[in-house]
């Protein structure tokens with residue numbers, strides 16, 4: 001028997017429509033081999049969505065692309081933290097081009113594995129790769145090749161926080177206080193600086209509100225997805241149970257049909273024997289009648 005990790009990789013590399021049957025077969029093989037731990041691991045595996053399967057194909061068959069994704073993600077976050085605007089714009093363009101190339105590679109792998117190109121959820125695949133570029137944790141999940149559903153990201157990267165440098169050693173006066181009269185040029189520059197700071201602060205608060213709202217929406221969507229997946233699993237288990245019951249009923253029906261056939265044969269044999277006995281009785285009775293004449 002293959003090692004459990006190899007079996008798991010094969011399960012997540014194969015099209016998801018055959019996942020449940022292949023998992024059941026692998027569990028049965030592990031139990032037959034006496035490997036209860038492997039059987040337990042296999043039983044805990046969840047069926048991936050089609051989008052997750054397509055992403056897994058890239059991670060398992062083209063791991064060098066995922067490594068390139070991780071490197072680009074690191075460079076993007078570094079450029080954001082340090083506010084390197086020109087480099088960030090170049091990296092953002094590179095990110096879009098790279099995600100497009102990943103989607104093309106994913107589509108090619110999926111079609112090569114027997115999936116219909118028209119039915120592939122490439123939008124979800126693209127969203128997952130984009131999220132992996134934004135979040136190291138998601139990138140690590142993608143790298144394993146065992147993703148079970150597509151993921152998305154409400155925004156890219158961290159909210160930039162400018163590193164401001166004061167022009168004097170004394171703390172800047174509060175915006176509610178009057179600006180000290182230290183010369184018209186300085187006052188105008190200070191006023192512009194404050195306006196920029198206030199604009200940045202307002203933008204930061206707006207982004208935080210958007211992030212909080214998006215995060216809450218994401219949590220709600222995740223909960224709904226989990227409930228839907230739970231319902232799907234329960235329905236799948238019910239189908240499996242019904243299939244098992246149906247197989248048992250079919251076995252019993254086959255046995256009953258065979259029993260009916262045996263009993264029918266026995267009945268016909270008994271009928272022939274009874275007819276023969278009746279004929280014999282008639283013959284004996286006729287012989288007795290002849291003796292009495």
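Each Cβ is built from the backbone N, Cα and C atoms, and glycine gets one as well.
Remember, TrEMBL labels are computer predictions, not curated facts.
The structure displayed is predicted, hence computed values, not measured ones.
The coiled coil annotation in TrEMBL covers 62-89.
The feature region 'Disordered' is assigned by TrEMBL to 162-236 (among others).
According to DSSP, the compositional bias 'Basic and acidic residues' (188-236) comprises 49 helix, 0 strand, 0 coil. The feature compositional bias 'Basic and acidic residues' is assigned by TrEMBL to 188-236 (among others).
Look at TrEMBL and you will find 261-293 (among others) tagged as region 'Disordered'. With a threshold of 8 Å between CB atoms, no same-chain residue lying at least 6 positions outside the region 'Disordered' (261-293) comes near it.
The feature compositional bias 'Basic and acidic residues' is assigned by TrEMBL to 261-282 (among others).
Helix, strand and coil counts from DSSP across the compositional bias 'Basic and acidic residues' (261-282) read 22 helix, 0 strand, 0 coil.
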